[in-house]
């Protein structure tokens with residue numbers, strides 16, 4: 001006869017009659033209320049992409065002016081080409097969202113459409129991208145604030161680490177809470193950039209000019225297809241961040257696919273309009289790079305002057321640059337959970353907290369980003385090439401994977417989709433190669449070590465789990481369990497005092513095995529003699545065996561005793577009594593011998609280590 005277990009309830013829903021004390025947990029227990037709406041997803045995941053407006057157009061101009069100041073007029077054509085690439089990526093990522101609703105982005109595409117090495121490459125590129133997104137965004141935001149406040153400029157690293165700790169704490173509570181926090185800054189940022197564009201185009205002359213002028217001499221013959229290609233690759237950093245929505249589909253509220261697609265389209269439209277608008281203002285007013293200020297700060301001064309609105313604009317830009325780091329908290333934990341499900345990362349990364357978030361992934365991202373910031377002392381100039389190339393590697397893999405899928409399936413409009421995804425794959429691959437070669441000596445060479453190292457980590461982890469599965473005979477025909485009548489169970493109960501806990505442990509031991517061995521470790525002769533006297537006075541009907549302890553420790557004698565008892569016809573169980581105080585803070589007032597003894601028994605013997613807990617009122 002088979003007795004069926006009751007149907008498990010949703011782990012996110014509390015049992016009937018049970019009241020969750022934490023008000024944050026009560027919110028999370030209301031179905032999927034902790035997940036993102038389309039607007040919430042746009043707020044939580046867009047800062048990475050939208051913040052690229054602060055440095056993408058400037059990267060284009062910085063390349064073009066190498067041919068002379070007059071070359072800035074090509075900013076708009078280059079921005080148009082980048083916007084076309086952006087639209088291709090947005091359409092493609094809508095397809096990724098629909099066909100890979102479990103998240104993972106380019107990793108999910110590579111895993112299904114390519115062989116194993118390509119999926120490992122995609123995962124490595126994504127991990128690098130997410131970690132560097134946090135480091136670069138926080139460093140850029142702190143630097144922007146430092147240009148306004150000298151005190152922050154003197155303590156950039158401390159500022160970044162404080163901001164990182166705050167973001168990590170918010171995301172440990174839940175991404176929905178982070179979306180609420182980020183909605184207002186994201187809206188304000190779009191309004192500020194939009195105002196700079198509109199006012200800048202309406203003004204015939206700039207209100208104010210800031211920064212130290214630089215001289216750019218015209219170099220005949222330099223401006224050509226190769227330079228425009230370099231400008232396109234440099235400005236391609238403007239499209240970084242559009243992949244985050246596709247990577248984070250599980251974070252959206254049902255229907256997750258539809259909401260994620262809406263957020264993806266809205267993000268693409270916003271980014272495209274802002275990029276073209278900024279490029280047009282730059283070309284119209286012939287804005288050139290100046291020492292000590294960013295190009296966007298020059299545009300803000302030209303539109304608003306250097307008064308209150310100028311400071312509001314720069315503070316908003318600095319804030320969103322810092323908050324752009326939050327997008328990684330929505331993407332990397334989901335990616336790590338997928339890698340854990342595929343046995344390529346430790347399985348703990350697939351665990352969710354009660355909140356519920358992938359807390360180990362969130363914590364790991366915070367630690368890795370902190371290490372990067374500390375190692376470079378808040379200077380991330382040489383990490384920017386790694387950031388952009390990693391993103392383009394992921395783009396290329398996902399686009400090529402979609403091409404393979406369309407060619408194989410021959411679905412509706414497959415020819416159009418093959419053309420669209422093929423163009424996207426070619427453009428992103430070209431941008432990745434050009435950017436890698438151009439920035440090789442500036443830090444891009446590190447990818448030659450980081451990517452293989454991460455791929456090796458994923459490979460070795462998967463190999464380990466495969467060996468464990470083979471040793472545990474997982475996936476094979478396992479014989480049904482049976483009771484061996486020739487094998488007896490011996491229960492060992494360590495005793496430190498005659499108490500109600502000891503009585504409860506002995507009661508349980510008598511019900512578990514045929515033989516019960518109470519033991520006491522002779523650490524202190526006086527205490528042991530007192531315990532023996534108390535035992536004889538109590539007279540429970542069991543003989544107390546005293547174990548010598550030459551080193552005055554408890555663990556080693558118990559382990560040796562269990563090892564001596566072990567025999568082919570005996571199953572040894574060591575039952576460890578412990579108490580659980582009513583408040584967690586009281587745990588420090590009690591010794592924690594049981595976990596230590598259990599770990600030693602598991603490591604050095606074949607005995608079963610079990611605990612019996614007495615809860616204090």
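Here the Cβ of each residue, glycine as well, is placed from N, Cα and C on the backbone.
The transmembrane segment annotation in TrEMBL covers 33-54 (among others).
The transmembrane segment annotation in TrEMBL covers 74-91 (among others).
Among the features that TrEMBL reports, transmembrane segment is placed at 120-149 (among others).
The transmembrane segment feature in TrEMBL is assigned to 155-174 (among others).
Taken from TrEMBL, the feature transmembrane segment covers 181-202 (among others).
Residues 41, 45-53, 55-57, 59-60, 62-64, 66-68, 71, 74, 77-79, 81-82, 85-86, 89-90, 93, 96-97, 100, 103, 105-106, 129, 133, 260, 263-264, 267-268, 271, 275, 324, 327-328, 330-331, 384, 387-388, 391-392, 394-395, 398, 428, 430-431, 434-435, 438 of the same chain lie 6+ residues outside the transmembrane segment (222-246) yet bring a C-beta within less than 8 angstroms of a C-beta in it. As annotated by TrEMBL, transmembrane segment applies to 222-246 (among others).
Look at TrEMBL and you will find 267-288 (among others) tagged as transmembrane segment.
Sequence-distant contacts of the transmembrane segment (308-336) (same chain, at least 6 residues past either end, Cβ-Cβ under 8 Å): 36, 44-51, 54, 103-105, 107, 123, 126-127, 130-131, 133-135, 137-138, 140-142, 144-145, 147-148, 163-164, 167-168, 170-171, 175, 178, 182, 185-186, 188-189, 192, 195-196, 208, 241, 244, 247-248, 250-251, 296-297, 300-301, 345, 349, 357-358, 360-362, 364-365, 369. According to TrEMBL, the transmembrane segment annotation covers 308-336 (among others).
According to TrEMBL, the feature transmembrane segment maps to 357-376 (among others).
Beyond the transmembrane segment (382-402), the same-chain residues lying 6 or more positions past its ends with a Cβ under 8 Å from any Cβ of the stretch are 89, 92-93, 95-96, 105-106, 109-110, 112-114, 118, 121-122, 125-126, 128-129, 132-133, 135-136, 236-237, 239-240, 243, 246, 372, 376, 417, 421-422, 424-425, 428-429, 431-432, 435-436, 439, 442-444, 446-447, 450. According to TrEMBL, the feature transmembrane segment maps to 382-402 (among others).
Sequence-distant neighbours of the transmembrane segment (414-437) (same chain, 6+ residues past either end, Cβ-Cβ under 8 Å): 85, 88-89, 91-92, 95, 229-230, 232-234, 236, 385, 388-389, 392-393, 395-396, 399-400, 402-403, 406-407, 444, 447. The transmembrane segment annotation in TrEMBL covers 414-437 (among others).
Under the heading transmembrane segment, TrEMBL lists 443-458 (among others).
Counted as Cβ pairs under 8 Å, contacts with the transmembrane segment (357-376) are highest for 120-149 among 33-54, 120-149, 181-202, 267-288. Pairs of Cβ atoms less than 8 Å apart link the transmembrane segment (267-288) most often to 181-202, out of 33-54, 120-149, 181-202.
Residues 39-40, 42-44, 46-47, 50-51, 53, 170, 270, 274, 277-278, 280-281, 284-285, 296, 299-300, 302-304, 312-313, 316-317, 319-320, 323, 326 of the same chain sit 6 or more residues outside the transmembrane segment (181-202) yet have a Cβ under 8 Å from a Cβ within it.
When Cβ-Cβ distances below 8 Å are used as the criterion, the transmembrane segment (120-149) is approached by residues 47-48, 51, 54-55, 105-107, 109-111, 156, 159-160, 163-164, 167, 240-241, 247, 292-294, 297, 311, 314-315, 317-325, 327-328, 331-332, 335-336, 339, 344, 365, 368-369, 372-373, 376, 378-380, 383-384, 386-387, 390-391, 393-394, 397-398, 447, 450-451, 454-455, 458-459 of the same chain, each at least six residues removed from its ends.
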